[in-house]
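Report on the structure given below.
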């Protein structure tokens with residue numbers, strides 16, 4: 001007799017939970033591996049929170065460039081918090097189970113914050129373009145109201161793009177024996193592959209989301225820097241060219257830190273099925289953990305005003 005319940009019937013099955021894994025093949029060393037992971041999460045959360053406090057408390061940083069940096073820091077905090085509980089639960093306590101609905105919620109926030117980060121990086125490239133190409137109109141173009149609208153548009157874009165994804169996964173019929181995820185968190189592509197049903201709609205919608213967000217953003221960022229480079233090359237003084245380009249270095253590094261792992265994850269999922277599971281896991285961790293760690297370091301090293309404001313926060317001075 002088949003048990004009845006909210007998740008099981010004769011023709012439709014959804015698992016009550018999935019099983020996560022940490023680093024495939026290195027389960028015996030999870031205790032040691034948890035140390036650098038804990039350190040990286042601590043650096044990411046501390047560094048980005050320091051940036052948020054520094055911008056909030058320092059009146060001289062109440063400028064468009066630093067408002068966008070605050071948005072980037074906020075998205076990094078959200079991205080870190082999306083994966084931290086499940087990752088450390090697996091590494092610290094070998095707690096591998098995650099509820100089906102909790103998995104979908106985690107997946108929504110994880111991908112949403114990735115889209116937010118991509119959108120913020122695009123907004124920051126626009127900020128640099130206006131500041132370099134038309135500095136006299138910079139303050140009149142990027143007013144506080146415009147920045148607020150950009151922020152709302154970024155959040156709305158991410159929410160609307162990812163909102164259908166959990167429901168598209170929830171409608172699928174899953175195989176009772178397939179509950180093992182490839183990571184210590186829920187990826188859309190990972191969960192989708194566990195279904196015993198036609199996932200064409202999920203694949204096409206996932207591709208649409210990637211192309212319409214990260215794909216479009218990356219192209220527009222390249223276009224922005226092409227225009228910036230054209231403007232900079234028009235400057236008469238080589239020293240002025242270097243000084244102007246130097247204002248973009250932090251943002252360029254942040255773009256590379258985010259988009260290189262994104263490309264890596266996409267390539268691995270599309271063409272790296274023959275690669276060992278440990279490669280898939282490590283690339284995914286680099287994509288989700290490294291940018292939130294490196295962004296505060298990049299901006300604190302390259303931006304003297306940010307560095308000074310962060311030290312003031314640490315010393316407890318307003």
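Placed from the backbone N, Cα and C atoms, the Cβ positions cover glycine too.
Quantities reported herein were computed from a predicted structural model and do not represent experimental measurements.
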### Query
What range among 146-169, 170-193 does TrEMBL record as transmembrane segment?
146-169
### Message
Does the transmembrane segment (278-301) come close to the transmembrane segment (67-93), meaning at least 3 CB pairs under 8 Å for residues 6 or more apart?
### Response
yes
### Task
Taking the transmembrane segment (146-169) as the first stretch and the transmembrane segment (32-55) as the second, find out whether 3 or more Cβ pairs fall under 8 Å, excluding pairs closer than 6 in sequence.
no
### Message
If we skip the immediate neighbours and take only residues 6+ beyond the ends of the transmembrane segment (278-301), which ones have a Cβ under 8 Å from one of its Cβ atoms?
### Response
21-26, 37, 40-41, 43-45, 47-48, 50-51, 69, 72-73, 76-77, 79-80, 82-83, 110, 117, 182-183, 185, 187, 250, 253-254, 257-258, 261-262, 264-265, 268-269, 272, 307, 310
### Message
For the transmembrane segment (203-228), give me same-chain residues lying six or more residues beyond its boundaries with a C-beta closer than 8 angstroms to one of its C-beta atoms, as numbers and ranges.
### Response
111, 114-115, 118-119, 121-122, 125-126, 128-129, 132-133, 157-158, 161-162, 164-165, 168, 188-189, 192, 248, 252, 255, 259, 262, 266
### Overall pLDDT of the domain 'G-protein coupled receptors family 1 profile' (47-299), taken as the mean
91
